[in-house]
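K.L.:
A single structure is presented below for examination.
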Amino acid sequence: MARTKQTARKSTGGKAPRKQLATKAARKSAPASGGVKKPHRYRPGTVALREIRRYQKSTELLIRRAPFQRLVREIAQDFKTDLRFQSSAVMALQEACEAYLVGLFEDTNLCAIHAKRVTIMPKDIQLARRIRGERA
């Protein structure tokens, strides 16, 4: 079929087709041209709740062994030089430390909730320790 020149005709009052905004047109054409898909992100708090459930289920130690052992040796240097530790002694210290910290954070969370907050703050830790009688 041969192309013919179109002539202008008078409108009959129907709605005129809208012009698309430049941004909308660009947005539609970008993925078609092999655009990079942005990575999936979870809503704030979702990953935190998943981690809470995961760590509450688990029983493994959460502090790495080597850094904890270095800390123990550094503290022990103040009392006596050239101290030697059995590996089971360091493990027992680590178990006790982690149990203490977990309990302290539980009490700290209760202090934050009591203050009608969900974020723990240093003042919550101080209050928890004061109530426990560890610090005046």
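These residue numbers are counts, starting from 1, taken along the chain as shown.
Yeah, the Cβs are placed from backbone N, Cα and C, and that goes for glycine too.
Taken from Swiss-Prot, the feature region 'Disordered' applies to 1-43. According to Swiss-Prot, the N6,N6-dimethyllysine annotation covers K5, K10, K28 (among others). Feature annotation from Swiss-Prot assigns N6-methyllysine to K5, K37, K80 (among others). Look at Swiss-Prot and you will find K5, K10 (among others) tagged as N6,N6,N6-trimethyllysine, backed by experimental evidence. The annotation phosphoserine is assigned in Swiss-Prot to S11, S29 on the grounds of experimental evidence. Taken from Swiss-Prot, the feature N6-acetyllysine covers K15, K24 (among others), and the record attributes it to experimental evidence.
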K.L.:
Within 10 Å of its Cβ, which one of these modified residues (K5, K80) has the largest number of other Cβ atoms?
P.N.:
K80
K.L.:
Taking only the Cα atoms, work out how far K37 (N6-methyllysine) lies from K5 (N6,N6-dimethyllysine), in Å, as a whole number.
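P.N.:
Rounded to a whole number, the Cα-Cα distance is 43 Å.
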K.L.:
Across all the protein chains here, work out how many other Cβ atoms are within 10 Å of the Cβ of K37 (N6-methyllysine).
P.N.:
6
K.L.:
Could you give the Cα-Cα distance between K5 (N6,N6-dimethyllysine) and K80 (N6-methyllysine), in whole Å?
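P.N.:
One finds 101 Å between the Cα atoms of these residues.
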